[in-house]
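Enquirer: Below is one structure. I have some questions about it.
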Amino acid sequence: MYIEIIDVFAREVLDSRGNPTVEVEVMLEDGSIGRAIVPSGASTGKFEALELRDGDKKRYLGKGVLKAVENVNELIAPKLLGLNAYDQVYIDNVLLELDGTENKSKLGANAILGVSMAVARAAANSLQLPLYKYLGGVNAKVLPVPLMNVINGGAHADNNLDIQEFMIVPAGAPSFREALRYGAETFHALKKILKEAGHVTAVGDEGGFAPNLKNNEEAIQVLIQAIQSAGYEPGKDIFIALDVAASEFYNEETGKYFIDGSEKTVDELIEYYKSLIEKYPIISIEDPFDQEDWEAYQKFNKEVGNKVQIVGDDLYVTNVKRLQKGIELKASNSILIKLNQIGSVTETLNAIELAKTNNMTNVISHRSGETEDTFIADLAVATNAGLIKTGSLSRSERIAKYNQLLRIEEELGDVAQYRGLDAFYSIKR
């Protein structure tokens, strides 16, 4: 199969935080068009591929992306014209060679990823296939269990909570549609509880609430209360997941972690997590240690990795080399997958494949700076990942992904699978 790319064009648009980002359109010879917008993170891992920003303080506080846009229009486009849009791997390799750096700092990961995603969309549209079927083939059928970020802290909020995300996980639901309902009803119950306690119920970047509470544990207790208030059973219908983002409160000089008002050593932090795991139905903990603290991950995984999903985000940055190291060290049993951490569709699929073949789960993830683009919803189903993290139950850029998953579930009909607890295949529950 062969279809030529006849046009590649990029423009500067805005993300959900009002910051510029890159949108790319790719046109094929049959008139098919693929469009994609690149997301952007707030708490970024130091090993992520480079997001190119202009640095011109007179425009968008230095966050403009005209250089990345120019790189697409002037440097990338001429190289792709006439190439076969159906050969995603070849096209992504052309992009990587054109950039030639380890972290995509020449062209920018935001330029490369925008093109990579848009090519995939254009090819799918040309074949009149849904994106998940194009990327995943006939066996793409698993709807993901959502990890819904309803209380925000850390770098995502201006409050006193250290842990970045407190999530509800409706793994006990029979279908994705019902899981979404469980989540939405719990979200509304949570809002009512916070309001009655006198907390502000404005939402943060990812659509969750950002109350000032006594400590991190109180946030978990409030979630349990909300789950019960919505008529569900914690630990049966709905579980809890945490994204600690520990690199954000790690002190490199002392080697300690500042959490809940005091400094903790690695061993003290592990005991803190273990006490939470024993008290509450916590099914997943992301980035519990600094992104270079491999030993802490190894120790923690050895102690609790059989019953709790330990997710590496900043640890791996969707990078096959770092993931391979984690596999060899047995550092975690799960990886967070973010397209823009690595910067191309092919490399993302490679990371997912490597994790799967080593019995690690994949959690497909959004970024805090998102857009209306729903690529990750299709990616989750395409790869049968079984898990997705795409924010709370408010803000259209988050809901867009959930609504796309509803459409996919409907389209798949009886073939659709929602695996619930079985999606957490790297642990025993």
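The backbone N, Cα and C atoms fix where each Cβ goes, glycine too.
In case it's useful when we look at the structure, here is the feature table from Swiss-Prot:
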- Q164, K338, R367, S368, K389: (2R)-2-phosphoglycerate binding site (BINDING)
- E206: active site, proton donor (ACT_SITE)
- D243, E286, D313: Mg(2+) binding site (BINDING)
- K338: active site, proton acceptor (ACT_SITE)
Enquirer: Round to the nearest Å and give the CA-to-CA distance linking S368 ((2R)-2-phosphoglycerate binding site) with E286 (Mg(2+) binding site).
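Expert: Distance between the two Cα atoms comes out at 15 Å.
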Enquirer: For D313 (Mg(2+) binding site), find which of the recorded positions Q164, E206, R367, K389 come within 10 Å, Cα to Cα.
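Expert: The recorded positions close to D313 (Mg(2+) binding site) (Cα within 10 Å) - there are none.
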Enquirer: Taking the recorded Mg(2+) site as D243, E286, D313, identify the other residues of that chain whose CB atom sits within 8 Å of the mean position of the site's CB atoms, giving them in sequence order.
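Expert: After dropping the recorded site residues, what remains is Q164, E165, L242, V244, A245, I285, D287, V311, D314, L336, K389.
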Enquirer: State, in Å as a whole number, the widest CA to CA span among the (2R)-2-phosphoglycerate-binding residues Q164, K338, R367, S368, K389 given in the record.
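Expert: It comes out at 17 Å between the most distant Cα atoms.
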Enquirer: Around the C-beta of K338 ((2R)-2-phosphoglycerate binding site), how many further C-beta atoms are within 10 angstroms, looking at every protein chain?
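Expert: Around K338 ((2R)-2-phosphoglycerate binding site), other Cβ atoms within 10 Å: 26.
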Enquirer: Provide, as an integer number of angstrom, the distance between the C-alpha atoms of Q164 ((2R)-2-phosphoglycerate binding site) and the residue listed as 'active site, proton donor'.
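Expert: On Cα coordinates alone, these residues lie 11 Å apart.
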Enquirer: Measuring CB to CB from K389 ((2R)-2-phosphoglycerate binding site), give everything in the same chain under 8 Å that is also at least six residues away in sequence.
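Expert: In sequence order, P146, L147, N149, M167, D243, L336, V363, I364, S365, H366 meet the Cβ cut-off.
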Enquirer: Just the number: how many Å between the Cα atoms of R367 ((2R)-2-phosphoglycerate binding site) and E206 (active site, proton donor)?
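Expert: Each residue's Cα considered, R367 ((2R)-2-phosphoglycerate binding site) and E206 (active site, proton donor) end up 8 Å apart.
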Enquirer: Please report the distance from the Cα of E206 (active site, proton donor) to the Cα of E286 (Mg(2+) binding site), rounded to the nearest angstrom.
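Expert: So the Cα of E286 (Mg(2+) binding site) lies 16 Å away from that of E206 (active site, proton donor).
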Enquirer: Counting across all protein chains shown, how many other Cβ atoms sit within 10 Å of the Cβ of D243 (Mg(2+) binding site)?
Expert: 28
Enquirer: What is the interatomic distance between the Cα atoms of E286 (Mg(2+) binding site) and K338 ((2R)-2-phosphoglycerate binding site), given in whole Å?
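Expert: Each residue's Cα considered, E286 (Mg(2+) binding site) and K338 ((2R)-2-phosphoglycerate binding site) end up 14 Å apart.
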